[in-house]
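Trainee: Quick one: structure below, then a few questions.
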C-alpha cells in the first residue's frame, strides 16, 4: 500500500466502514483525502521456494478497548480524523486478490473473533508474500504524525483465518472485566515495552496473494500482550534511552526476520495451559500502561516493521490530531469497557463489545531516516532466546499478554517524565511544531524538516543512556533465562513472503529497523549495537535461516559526534527473498559493501556545535577528542610557570620534612628519638633556605613549644640549645615568642652538675656533643668554644645573637619580665670573678669574651629604655655596676700587660713572634671588653642622677675612666685610640653632669697628663710641657688645648690644599696667532714627554685628594675630642665658681671664648648629623650659655 492508513473497526454483526471500505467496495485504486488522491496497486507475488506449507493455525489476538481512552481513529472518529495525503510512492508488488473475497474474509474474521473458542487450523502452502518497500515520506507528517493510526483489518484478514486462543481466555476476560475500571496513570510507561504486538495472518492457499499489508499493534496497556506465554524477551528497542524516565526491558519477541519455524503441537498446548496463570498475573500489571500510548507495526517489511512500531512509539503523541483523537477514543474505550467487550486483547467474551482492531502502519512511517538495519536480531537477540525451542510453528509469532504479565512482576518502573511525550519527541528528533505540517509526496523520501535529527540533544546523554541500557539488558537476560514457559520461534522458511506470517514477523522485522534506517539517531541505535555485539554469535546459531539478497544499499548511520568504530554495526547480513521490491530505481540490487564503501576513519579532533535552545543564547563551538585518541592530543590546562612549580616543590618538600620531624619531637616519643629528631632538624636549619621556610610558615614557635620540657633532660636540652644556636646564625629570628624566650632562659639556668652528668651515659653524651660540634662547624661560630659545648653556653650565644639593636621594645620588656636580665647580670659577675683568678690565657680570653657578650646584650636592652636601666641599677644592689667597675679596672691592667701598640711598630717584613700572637689575641679581647663595659655604664648614667651617683660611688671608677681618656690610648693601636678616648670622656660627662659629688671628686683628683701632650709640646710652645702628676682639671684643659690646636692645624692644611688646588693651566697644544688682521689658533706638535707629564700630574692630584681626606678625618677626630673635653670642663664649671676660676687659670688669657667656639661647632655638627638625642643637644646649649656668661 502506498497510502497512509485509515482505521477499520470490526463490529459485532458487520464490517467497519472507513476509507478502506470505500476503496474495497468501490473497487477503486485511489483513495480521496484532503490532500488529494492516493493511488495504490496490488500485484501478484511469487512463490517462495523454501516455504513450508504445514503451519499450524495460531490464535489471533484481538484487541479490545477497555481503558478510559479508545483508539484515536475509531469508527466514531473516522469522520473527524484528518485525512491522509496519498504519496507518490513506489508501487508494491503484492499478491492480487478479489476485493469481494477480502470483504468476505473480513466478515469471516469477525465471526471468528466472536466465536472466541475456536482455533481454525489453516495449512498455507506456497503462499508468497512480497516484500514491501517503506518510503520515508509519510513518517512524520506534521500534525497528522500519529503513530496510533491503524490499518483496516480487512486488508490483512482477507485471505487469512485468524488464530484465536479460545479455551482458557474467558477466565481472563472475566477477571479483566472486573478490573477494566482501572485508570492507567503512567502514560509514559507505554513506551517501556518496545515490543510491538503482531497478529499473524494466515494466507489462504486458494486465493491469490493478498495485498501486502500487515497487522501490527502496539499494546495499549500491559494487558495487551501477545497471547503466547514464553515469548522471547528483548531489550533491543529500549527507547527509554531517549526518554529519561522510561526504563523497561520487557520486550517480548516471538518471531524473527527469518521465516517461521513449524510450531510443535506440544509446545503450543503447554502455552495454552499456562495461559490462565499468565492472565491472572497480567491483570495486576494492566493498570500500569495507559491506552493512549500505542506503537503499531507496519506490514511485511522484514527489516523494518519492528523498528516501525518502536519508531512509532517515539513519534507517539507528537501530533495535535492525535491528542484530539485520543480524547475521542477515550470515550470509545470507556464504553467498550462498560459493554464488556473483549478485554486486554487476549480473549473474547461471547460477542459482547467491540473487537480490537488491527492496524498496519504505512511503510513510509518506518523509513524515516532512510536506514536499513538487517542483522540486529542476529547480533542482539541471542541472550533472550536461550531457552526457546529452535523449531516452533507459526504460533510463535503471537505473543500473549500473559507472558508479559508474568515477566513484568520483576520489572522496575521509573517515575514518568515530567515532559509531555510531544516535547520529548520533539527534543529527540529536533522537530519543531511549525515544521510538522503535511508535506508533499515524493518517491521514497519525505520533505518534512528535521532539525539536526536530534543529534544536538543526544551528544550529552548517550553515555548515561548506554549505561542504563546495559544494566537493563542484563536484568532482562536473567529474567528470560528463568521464564517458566518456553518462547516460540518462527520457522526460518516462511517469513518473507507468507502473508500468514506477516503479522508475526513484525517483531523480528522491527528488530532490524534501527540498523537499516539511515537517520535513526545513534542514541536509539547505540544500545542495540552494544547488546548485539555480546550476543551476535549465539543468535546466529538460533536464528539461522537462509540469507536474503540485499534489497537496497545500507548506510551505517552513526552519531557524528561519537563515531566510535567499535560501536558501528558490522556489514548487515541480507537474507534471500523470492521476490524483492526496490524502494526506487536508484537503489541497487547488489551487495551493500559494493555500493557504499566503509566510511573514512573519523578525525581525531571533533568539532561540536551546540545550537541554542532558547533565544538570546549564543552558539557554542568546542573541539572534542575521542577517548582512544587522547594519547595524541594531550591537553594540559592551567600550566604553572616554572618558578611557581619550583616554589611549590620547595614548599611541599619543606612541609613533608617538617611534619616528619615534628612527629619525632613529641613528648610521647622515646628520648633518643627526640634527640635525633632535634639534631636532624638542626641539620636542616643549617641551610638558610630551610630557616627561611621555617620562619615564613611560623614553625619556630611550634618547634620550641613541643620541646618545652627539654630542660628536664640533659641530652635533650643540649640538642635544643644547639637548635636555637643554629637558628640564630642569620640574626633574623626576631619572631621568637614569649614561650621560646622563656625556654631559652631556662636553658641558661642549667648548671653542669657532676651528679646530673653521672645520671646520663657519658658515651651517649659524647656522641651528641660530637654531632653538635660538627654541626656548629658548618655555621658562623666566631665566639663559640667548640671544645666546651654546653647547654648554657649555646643558649647564651643564641641570646646574644638575638639581642641586636634591631630588637624591638617588646623583646627588651620580655627579657626583663622573664628574668633574662638576671641571668645575664649573673653571668657578667661570674666572668669578672674569673678575670682575677685565671692565669691561663685561654681561660682569660674565654672569660673576657663571655663578659663582653653579656655586656653587649645589656647595652642593647638599656639603650633609650629607662625601665631596664633602673632595673639593672637596682638589681642586687647595683651588682652590674660593681661588676662593671671591677671589670674595667682589670681591663686597664691587662691592656698594659698585653700592649698591642708595640706590635704596630714591628717591621712589615718580619714575621710575628708566638708571644705576639697571644698578645694580639688577649689584647683584642681586653679592648672589646673595655668598650662593652664603658658602653653599659654610659647607658646606665645617661640623664640618670641615680645611675651617675651609684656609678661614681664605685672605688676607683672615676680615676679609671680618666685614665681611659689620658693614658690607655697609648697601649692601643692607632685606629682604636679615638674610640676609647671618646667613650671615657662621655662616661665622665655623664658622671659629673647631675652629680655634685662626682664633680668634686674629679676636680680634686690628680693624674698624669696625656700621653701625647709632651709630643705636641715638643713641637710647639715649651710652656705646655708638663711633667709628673697634675690636677685632673689641668690635664683636661691641656688635652683640650692640644686637640683644639691640632684641629686648627689640620684645618689650615686643608685650606692650603684647597688654595693650592690646580688652576686651569694654559693650553699648550697650540697658541693664538694674529695674521692679516685675523686671530687664528695654531696647534703645536705633541711629544711623548708631555703626555707622561700629564699622567704624572693626575696621579699627584689623586694623592693630594687622599691626603686631604686623611687630614679631614684627623681634623674631625681632633675636633670631637676637643669638643667633648670642653663639654666636660663646662659641666665641671656649672654651679661651681671655684671650678670656673680653676679652669680659667689654665686657659690662655683666661678666656672661655675658645671653648664656646668649639662647642658651637660641635653643636652645629650634631644638629646636622642628628647623632644624639635632644637631651645631649640641650646639655651642650646649656653649657655654652653658661660659659658665655662667665
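Any Cβ shown, glycine's included, is placed from N, Cα and C.
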Trainee: Pick from 180, 190, 305, 461: which does Swiss-Prot describe as phosphoserine?
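Mentor: When Swiss-Prot is consulted, phosphoserine appears for 461.
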Trainee: Among 17, 420, 443, 1069, which is annotated phosphoserine in Swiss-Prot?
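Mentor: With Swiss-Prot as the source, phosphoserine is noted for 443.
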Trainee: Can you check which of 18, 445, 459, 565 Swiss-Prot annotates as phosphoserine?
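Mentor: Out of 18, 445, 459, 565, Swiss-Prot attaches the phosphoserine annotation to 459.
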Trainee: Region 'Disordered' per Swiss-Prot sits at which of 1-23, 668-690?
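Mentor: Going through 1-23, 668-690 one by one, Swiss-Prot gives region 'Disordered' for 1-23.
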Trainee: Could you pull the average pLDDT for the coiled coil (749-782)?
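Mentor: Result for the coiled coil (749-782): average pLDDT 69.
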